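As given in Swiss-Prot:
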- Cys59-Cys292: disulfide bond (DISULFID)
- Cys72-Cys84: disulfide bond (DISULFID)
- Cys107-Cys153: disulfide bond (DISULFID)
- Cys296-Cys320: disulfide bond (DISULFID)
- Cys488-Cys492: disulfide bond (DISULFID)
- Asn27: N-linked glycosylation site (CARBOHYD)
- Asn28: N-linked glycosylation site (CARBOHYD)
- Asn40: N-linked glycosylation site (CARBOHYD)
- Asn144: N-linked glycosylation site (CARBOHYD)
- Asn286: N-linked glycosylation site (CARBOHYD)
- Asn304: N-linked glycosylation site (CARBOHYD)
- Asn498: N-linked glycosylation site (CARBOHYD)
- Cys555: S-palmitoyl cysteine (LIPID)
- Cys562: S-palmitoyl cysteine (LIPID)
- Cys565: S-palmitoyl cysteine (LIPID)
- 1-17: signal peptide (SIGNAL)
- 18-529: topological domain 'Extracellular' (TOPO_DOM)
- 551-566: topological domain 'Cytoplasmic' (TOPO_DOM)
- 530-550: transmembrane segment (TRANSMEM)
Amino acid sequence: MKARLLVLLCALAAADADTICIGYHANNSTDTVDTVLEKNVTVTHSVNLLEDSHNGKLCRLKGIPPLQLGKCNIAGWLLGNPECDSLLPARSWSYIVETPNSENGACYPGDFINYEELREQLSSVSSFERFEIFPKESSWPKHNTTKGVTAACSHAGKSSFYRNLLWLTKKEDSYPKLKNSYVNKKGKEVLVLWGVHHPSSSKEQQTLYQNENAYVSVVSSNYNRRFTPEIAERPKVRDQTGRMNYYWTLLEPGDTIIFEANGNLIAPWYAFALSRGFGSGIITSNASMHECNTKCQTPQGAINSSLPFQNIHPVTIGECPKYVRSAKLRMVTGLRNIPSIQSRGLFGAIAGFIEGGWTGMIDGWYGYHHQNEQGSGYAADQKSTQNAINGITNKVNSVIEKMNTQFTAVGKEFNNLEKRMENLNKKVDDGFLDIWTYNAELLVLLENERTLDFHDSNVKNLYEKVKSQLKNNAKEIGNGCFEFYHKCDNECMESVRNGTYDYPKYSEESKLNREKIDGVKLESMGVYQILAIYSTVASSLVLLVSLGAISFWMCSNGSLQCRICI
């Protein structure tokens with residue numbers, strides 16, 4: 001009975017002992033991140049690195065509106081299709097927008113040679129000057145410049161022709177050889193366009209140009225071609241059996257271009273002095289224009305984000321995040337979020353970094369919870385918390401800065417005869433995209449793993465700091481907690497927290513209390529040993545008595561014969 005009383009007193013004393021615990025912050029966050037080793041780890045704080053939203057609108061890019069081609073495409077705009085007259089005043093733009101089903105291109109049927117390369121060149125042009133390269137009235141005095149019209153390029157119900165080209169025909173049954181030149185004095189590249197007409201019959205050739213064996217020659221420092229009309233009847237397109245092929249070249253500053261022909265020349269009328277801007281580009285989109293401003297435009301809509309990655313569209317104009325195929329890129333900045341189970345007791349699961357964090361500690365990431373005669377409370381360790389915040393903030397900013405190389409990414413242009421090259425290009429682009437995506441995801445996984453390990457290390461360091469101060473003045477009771485062998489008031493608790501705990505001051509009291517507890521343990525151990533021996537002997541006697549009674553009963557009823565020999 002005495003032993004039982006001592007054990008009970010020991011337990012009550014332990015329950016009233018002053019206690020300090022080391023733990024970490026927890027909250028109601030549902031943010032999850034992935035690491036190299038784990039998926040969907042719930043954390044207290046994290047930052048998103050992946051933009052996945054847009055406004056669905058076409059916007060001004062840094063205050064400059066785009067050039068919307070509407071129902072026209074690049075060819076119709078540059079050649080001057082009469083249906084594209086509204087685009088003639090265009091001089092500058094932030095980017096160019098085509099619709100997927102633009103119907104007004106080259107109105108007279110034929111091939112636009114190297115059209116995809118021209119589109120590629122225009123993707124870096126932000127403005128141009130449209131000027132008369134060969135004035136209509138004075139450049140071709142011996143040729144007709146007004147009869148070259150066609151129903152294929154009608155306007156307002158009447159036959160017409162391109163606004164930037166002249167269809168030269170014979171004048172008074174004569175088409176003398178022409179030769180005209182232009183010297184580029186604009187100080188910038190000049191885009192020059194022209195065409196060659198291929199009649200459907202010799203009769204048409206003679207009707208238009210008089211000469212049967214016609215040619216067209218175009219020469220500059222970087223361009224030299226001679227064209228011969230191909231006379232043949234072809235299937236009707238836009239009610240035309242003839243064809244026109246369209247050509248272009250870029251004339252460098254100071255260079256000269258010379259046109260020579262005795263028939264079939266579709267001569268330049270207007271040309272374009274180009275000004276390049278690396279932020280421009282061409283996108284194909286059905287989105288509508290709105291009164292909004294952005295730094296990044298995609299075919300699906302504008303992105304207003306400073307994040308380093310986006311998964312909206314690979315084609316972008318302006319200062320845009322890098323496109324990746326990832327569905328989630330979230331970087332942890334806080335800790336594992338494992339709130340303690342309150343019902344298990346204040347100094348059970350709640351009190352340590354092993355089983356859970358503290359929702360009650362809101363002013364820091366790591367800290368202490370104490371309990372003594374004066375009460376209980378939380379206190380954050382501001383120094384370790386601030387050092388961790390600074391380190392993680394610098395790391396996140398560094399990652400975003402290194403990966404946040406914002407740029408324009410436009411699609412490459414291929415014609416119908418370059419399908420193999422286009423397919424190869426797609427494979428190469430897909431390969432680069434896969435590498436970018438893999439690098440981004442791996443970077444986030446590794447950094448998340450390092451951050452969570454960093455937090456675990458900080459909590460462990462805080463625990464070891466307390467342990468090294470208390471030494472044998474307290475005992476570890478698990479879950480990050482220490483139970484003092486002495487009374488520890490609030491001043492004492494503060495000294496433990498700030499690293500000024502006076503071990504010698506409390507060592508004598510701790511020694512006495514420790515010896516009392518150890519003595520109770522030893523005495524109770526002796527009693528338990530006596531009880532164990534007594535229990536064993538008593539059990540054996542009961543077993544022997546039971547066995548004797550059974551044997552006597554069996555002998556008395558004849559079930560067991562007993563013989564005693566002397």
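Cβ atoms here come from the backbone N, Cα and C positions, even for glycine.
According to DSSP, Cys292 (disulfide bond) sits within a strand segment. The most crowded of the disulfide-bonded residues listed here (Cys59, Cys292) is Cys59, judged by how many other CB atoms sit within 10 Å of its own CB. When pLDDT values are averaged over the topological domain 'Extracellular' (18-529), the model yields 88.
A Cα-Cα distance of 58 Å separates Cys107 (disulfide bond) from Asn40 (N-linked glycosylation site). Counting only residues at least six positions away in the same chain, the Cβ atoms of Asn81, Glu83, Cys84, Leu87, Ser102, Asn104, Gly105 sit under 8 Å from the Cβ of Cys72 (disulfide bond). Here the candidates are the recorded positions Cys292, Cys492, Asn498, and by Cα distance the one nearest Asn28 (N-linked glycosylation site) turns out to be Asn498. For the glycosylation sites shown (Asn27, Asn498), fewest C-beta neighbours within 10 angstroms: Asn498. Distance from the CA of Cys492 (disulfide bond) to the CA of Asn144 (N-linked glycosylation site) is 107 Å. Taking the Cα atom of each, Cys292 (disulfide bond) and Asn304 (N-linked glycosylation site) are about 11 angstrom apart. Neighbour count (other Cβ atoms within 10 Å of the Cβ, all protein chains): 9 for Asn40 (N-linked glycosylation site).
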